[in-house]
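> I'd like to ask you about the structure that follows.
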Amino acid sequence: MIQVLLVTICLAAFPYQGSSIILESGNVNDYEIVYPRKVTALPKGAVQPKYEDAMQYELKVNGEPVVLHLEKNKQLFSKDYSETHYSPDGREITTYPLVEDHCYYHGRIENDADSTASISACNGLKGHFKLQGEMYLIEPLKLSDSEAHAVYKYENVEKEDEAPKMCGVTQNWKSYEPIKKASQLVVTAEHQKYNPFRFVELVLVVDKAMVTKNNGDLDKIKTRMYELANTVNDIYRYMYIHVALVGLEIWSNEDKITVKPEADYTLNAFGEWRKTDLLTRKKHDNAQLLTAIDLDRVIGLAYVGSMCHPKRSTGIIQDYSPINLVVAVIMAHEMGHNLGINHDRGYCSCGDYACIMRPEISPEPSTFFSNCSYFDCWDFITNHNPECIVNEPLGTDIISPPVCGNELLEVGEECDCGTPENCQNECCDAATCKLKSGSQCGHGDCCEQCKFSKSGTECRASMSECDPAEHCTGQSSECPADVFHKNGQPCLDNYGYNGNCPIMYHQCYDLFGADVYEAEDSCFERNQKGNYYGYCRKENGNKIPCAPEDVKCGRLYCKDNSPGQNNSCKMFYSNEDEHKGMVLPGTKCADGKVCSNGHCVDVATAY
């Protein structure tokens, strides 16, 4: 059973009206002083752990008593979490810290359904909580009285520069303007059933300018990165995505790329470094670079719809503010682009709050994604299937003892539907994480009304001729593993590849819409140029022209017959995403041949 501590925070309001104080977050002109006093409720003689799994804090805010519930974020670090920095002579130093007993928590305010909290309890209480729609920050005061803390609103932190701060992404990944029904999107239980949690394994990279900004204090940098990751993890829980920190790399001696104010240049260089260096020594899904360099006119930039891509599953973030919440929201925004989320359009809504995916930072940083963001994200996940984020960590991989109520099925649990207040699973006893009497299951695509679905019930639909449907066995709540026909099997006058049937007509449709078809063979001869758009593959950064027999394995060309168009050799090219618009692997390029690594090869030898 989780041992809960009750800590009473007594508020003593010092005379501060008209005064200000300099905190880590900046100059604050209106604040309260609070004194946390810990009152344990552990059994007599019990050994108190350094950082409890769950805690409650009772305090007064604006004269009203509130109870803050906190639970240790057990999904913050992966089992194989590592940290890398460099000696003055450039030697790589990688360690694997013990992070089981960490001090980072998520939480909520009792009787406030819209409340959130992200708190570090390492040295006092530091972080933020939302109460009755308003964001409060809390941090220890550096006074001789070590128990003194300041509580204040974000709006009371003086801003050095009031000019709007923008994200550098200027184009949507896809146009969803016709789909304004997204503004009425409702997340149903059935929708959730077929959209389980995804898991993003994140590496944070800190540049040399950040090290200099922090006077070379690597421990200070690490603490800040943990706090940022804790908040990003909390934000994405509401998108059914777990973000786990699997690695931290600090460029302590020198930058491994040239970090320039030009965001496009820096993002491209960082992506190439991730592909050729970081991925070869650290398994992960996504990498974000934090820099203290002032980026020209923007505070962040990322590739859109690129999660799991070796180069483009990346973003860059300017360390724009000393307030962790602000930088964490920027990071969540840029990672959102990687997950296919566009900037919010005029009809998107977060209720009464600002939205994370606004093109510019809102006057108060938001922790909410809009209905459009949810639609964009899950449209990308469903239709483009970024496979790297599907792998759910096994219960035995969880680095800390299991915690009932964290919505993650762990060793010894039959189900986990969250806290008793939030559980909506009629099959699961939220207090014990055991199935209720008479229930066979509490989750899974083959679980209906707490019973195993009948044998033969379809649980995963066929996506193409190469991907047969899966059916329930009648003996398990889980749908059998997704299998597909062997690569190279005939389908739609083409050949199957990883469960899909990649024909050029479909690829043209995805790029340009209806009434667009595969172009004549003569158009593909342009791929022999080896110029910025016409090539077959890249080697060491150089674009390699197609050999005559390989021209249909380079840039895709389409014939546009849509109204008002008469383009017989239409192609797509973007500096931000050079790979988009290339013929997909496995596409038929001649009778009995398919595209593989920019070559048109015999289907019998391709797989």
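Glycine is treated like the rest: Cβ placed from N, Cα and C.
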> Among Asp112, Asp114, Asp285, Asp482, find me the residue Swiss-Prot lists at the same Ca(2+) 1 site as Glu201, Cys388, Asn391.
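Record source Swiss-Prot; matching candidate: Asp285.
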> Pick from Cys447, Cys450, Cys558, Cys569: which one does Swiss-Prot say forms the disulfide with Cys508?
Cys558
> From the ranges 39-52, 95-108, 263-276, 459-472, pick the one that Swiss-Prot records as region 'Inhibits platelet aggregation'.
459-472
> Need the cross-check against Swiss-Prot: the disulphide partner of Cys450, picked from Cys417, Cys423, Cys427, Cys479.
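Candidates were Cys417, Cys423, Cys427, Cys479; Swiss-Prot matches Cys450 with Cys427.
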> Considering the candidates Cys479, Cys491, Cys553, Cys569, which is the cysteine that Swiss-Prot reports in a disulfide bond with Cys523?
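When Swiss-Prot is consulted, Cys523 turns out to be bridged to Cys569.
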> Cys404 has a disulfide partner in Swiss-Prot; which of Cys372, Cys433, Cys441, Cys446 is it?
Cys433
> Provide the number of Cβ atoms within 10 Å of the Cβ of Cys441 (disulfide bond), excluding the reference atom itself.
21
> DSSP secondary structure for Asn371 (N-linked glycosylation site), reduced to helix/strand/coil, please.
helix
> Would you mind sorting out which of Cys348, Cys350, Cys450, Cys459, Cys472 (the disulfide-bonded residues) have a C-alpha within 10 A of the one on Asn371 (N-linked glycosylation site)?
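Cα within 10 Å of Asn371 (N-linked glycosylation site): Cys348, Cys350.
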> Per residue, counting other C-beta atoms within 10 angstroms of the C-beta, which of the disulfide-bonded residues Cys348, Cys427, Cys459, Cys553 reaches the highest number?
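Its Cβ has the most other Cβ atoms within 10 Å: Cys553.
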> Excluding near sequence neighbours, so keeping only residues 6 or more apart in the same chain, what lies with its CB under 8 A of Cys446 (disulfide bond)?
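Result: Phe452, Ser453, Thr457, Cys459, Cys472, Thr473, Ser476, Ser477, Glu478, Cys479.
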> Residue counts in helix (H, G, I), strand (E, B) and coil for the domain 'Disintegrin' (401-487), per DSSP?
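Counts, helix then strand then coil: 0 helix, 15 strand, 72 coil.
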